Amino acid sequence: MPGAGDSGMAASHARTGVSNVSEGHYRGGRGLDPEVIAEITHRYGFDKPIHERYLKMLGDYLRFDFGDSLFRSASVLELIKNSMPVSISLGLWSTLIIYLVSIPLGIRKAVSNGSHFDIWSSTLIIIGYAIPAFLFAILLIVIFAGGSYFDLFPLRGLVSANFDSLPWYQKILDYLWHITLPVLATVIGGFAALTMLTKNSFLDEIRKQYVVTARAKGVSEKQILWRHVFRNAMLLVIAGFPAMFISMFFTGSLLIEVMFSLNGLGLLGYEATVSRDYPVMFGTLYIFTLIGLLLNIVSDICYTLVDPRIDLRAADVIFESRQPGPLGTFSPQPSRLLVALAVFNPLRLQPRRGADRQRTARCWCSTAAACTFRS
């Protein structure tokens, strides 16, 4: 019967397939050859002790030798070099726009504290802060990048395909044309923090006694604001520059570059994480961390440029040995030690501005000794 013959042939093929798989004819079931496994183990150093691998990794990272990508025919350092300009340009433009808008806006809000301008501007920047960057990026793409309404800006890339053949002025215009939407999506949530920080810093300085004294002497409000208050109030703003740039550099790179297909460090790290390209992933994290540490040092140097009273090269350290006194009390016997700080100030020591502004850090030991750091 035809039906019986077909069923018999199917059963025969099924038995043959099972037999072939059980005998190891299926290529994926056999796995890798031992020679290939041994070659991979030797290539990546898994045949060495863990401490040797760790020390070798530290030495390679000090030389910026991150190895080669697992899925791309290029070294990790070469991939990072090619991606770095995109992320730096996006971070710098975003940080520059945020500072140029937030600082004057914060000063204006401090001068007109409690006015209608202060209220509605606070409402706008808080709404912008509440909008996620990726959601605003999708909104910009749908409205202005040919999604549903207008086709005014490009959807992908940082430059056009014919960028090399354009004149120099058209190259600048083409670059600005491509980076407009990514920068707008990045800065939408960055105005609130810096604006309110600037406003509160200026309000705190305006209420100081030296401002009252300057007004009593007949100094104009403009001179008080820009000659006296501005310099003191900008300390906190300068201190927040590294955090602002890192947030724009990392968060913007990670989200916005993926949304707009910008070939920067964020997109590179994202693709490496998805594809489990571990050398590229660790290399991008190393670069992000290194940039953050360097910017912290730059922030400390900017402190000295704004306020000459801060000296990062030296600080006074007073060791107070506590001796038992009458009725179980302690009598301090101070001795002064000058500590040289070579590059930066890890304790964030602040200058003394009166008894109410002096900051001290006391370290109590089990031997009833106190160490007071004071600059």
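In case you wondered, yes, glycine gets a Cβ from its N, Cα and C as well.
Residues or ranges marked as domain 'ABC transmembrane type-1' in TrEMBL: 84-299. Annotation comment: TrEMBL describes 1-26 as region 'Disordered'. Residues or ranges marked as transmembrane segment in TrEMBL: 86-107, 119-145, 175-198, 233-260, 280-303.
A Cβ distance under 8 Å defines the sequence-distant neighbours of the transmembrane segment (86-107), meaning residues of its chain 6+ beyond its ends; these are 121, 125, 158, 179, 182-183, 186-187, 190-191, 194-199, 201-202, 225, 230, 237, 241, 244-245, 248-249, 252-253, 256-257, 262-266. Long-range Cβ contacts of the transmembrane segment (175-198) within its own chain (Cβ-Cβ under 8 Å, at least 6 residues beyond either end) map to 89-90, 93-94, 97-99, 101-103, 105-107, 109-110, 121-122, 125-126, 128-134, 136-137, 140-141, 144-145, 153-154, 157-160, 233, 236-237, 240, 244, 247-248, 252, 256-257, 259-260, 262.
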